[in-house]
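Record features, source TrEMBL:
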ACT_SITE  Glu104  active site
BINDING   Asp9, Asp103  Mg(2+) binding site
DOMAIN    5-185  domain 'UmuC'
SITE      Phe14  site 'Substrate discrimination'
Amino acid sequence: MERWIMHVDMDAFFASVEQRDHEAYQKQPVIVGGLSNRGVVSTASYEARSFGIHSAMPMVEARRRCPQGIFVAGNHGLYKAVSKQIFHIFQEFSPLVEPLSLDEAFLDITGMEKITLNQRDYAKLLKKRIKDELGLIASVGIAPNKFLAKLASDLDKPDGLVIIERGLEQSILRDMPIRRLWGVGKKTGEKLQELGFRTIGQIAQASLDELAKYLGKTLSYQLIELANGRDERKVEPERDIQSIGNEITFEQDLLQAAQVEKQFLALAEKVGWRLRLSGVKARTLTIKIRFASFQTITRSQSLIEPTNFDEVIYQMAVNLYRQVKVKESIRLLGITGSNLSLHEEESLFQEDQKKKALYHMMDDLKARFGENIITKANLIQKPHNEKDLPKG
Ligand SMILES: [Mg+2]
């Protein structure tokens, strides 16, 4: 399968959060950073950037360039909390998310276009989710590898969406300045300038042996590979994923138990699928219910054996739901699997081996024909007091 990597980077992250939360800051030059005389700028809003202010600039200089600016010390706790919300959304778009900082990540979206939309619409959907739910703007780059994806997200900032198609790698890179190459900082940049390199295209043509004399073999090899648009590095998710969950907010509140259970099935199928894609099983399952009054409850249960089977997740969710005293209509439902185990333990139950083969086949069909091709959710029309649940 052709590899596709997405790089998402929030625009002027800290400053945008401040502008979002303070009406008086909107459309104003906002500078977040250390306010003391020795402080530096950590983020400048785009309005502030038009005064030539940028990250890492001494605060004194920023004040000189824009005395009328709004200078804020920033609220790191808040940015961290918002970052968590952003990554929550990322994880719904790919089981493989590699964080680079609070506001930046790689998502491996290989094969995703087959189960959902084309890459551009997929990226638009992600940007829309972030905007609608968090009131923030992200720039997205999509390319066959990490280096190009990161480059692409920066090409049309702010609010960018750039796709570098396979085969166009070299023509896009050719005339770009060498500092755009990953790993070229100030020192290496100066060295390359001295050696007469100005563009990435020139490095792409360089002789490895020649360059290695000045920069060493490892770095030289890396730079020439990148300059040719080649980058085999994998997206490496953080090893300690805590949980995998999905939730749905309904356009119209749900009144009937049968509707609720149908939605739990749809959620169970999503969560099960994501657990299987990530190669993990959940030992604890939690349901979340938000009522029309916004009162929110969660109920959890742990399993004897961890699972990533849709119907086990579904049955447990329904059991938990049936124990809840429901007095009003429901506006949101969620299922989360946590207490995840990474490695494949042999199942205690033989039955599970058969199920595993079945799920393998189902996931393969989903990958080829779309996520909704096999769904049990549409089939359930039974009232909730009937005991028999759909069979896998
Ligand atoms: Mg950013």
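Just so you know, glycine gets a Cβ as well, placed from its N, Cα and C.
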Three-state secondary structure, Asp103 (Mg(2+) binding site) (per DSSP): coil
C-beta crowding around Phe14 (site 'Substrate discrimination'), within 10 angstroms: 26
In three-state DSSP terms, the structure that Phe14 (site 'Substrate discrimination') belongs to: helix
Asp9 (Mg(2+) binding site) - helix vs strand vs coil (DSSP): strand
Fewest-neighbour residue among recorded positions, criterion Cβ within 10 Å, set Asp103, Glu104: Glu104
Residues among the recorded positions Asp9, Phe14, Asp103 that border ligand 1 - Cβ under 6 angstroms, in sequence order: Asp9, Asp103
Rounded Cα-Cα span from Asp103 (Mg(2+) binding site) to Phe14 (site 'Substrate discrimination'), Å: 9
Length of the line joining the Cα atoms of Glu104 (active site) and Asp9 (Mg(2+) binding site), in Å: 4
For Asp9 (Mg(2+) binding site), the number of other Cβ atoms found within 10 Å of its own Cβ: 20
Taken over the domain 'UmuC' (5-185), the model's mean pLDDT: 93
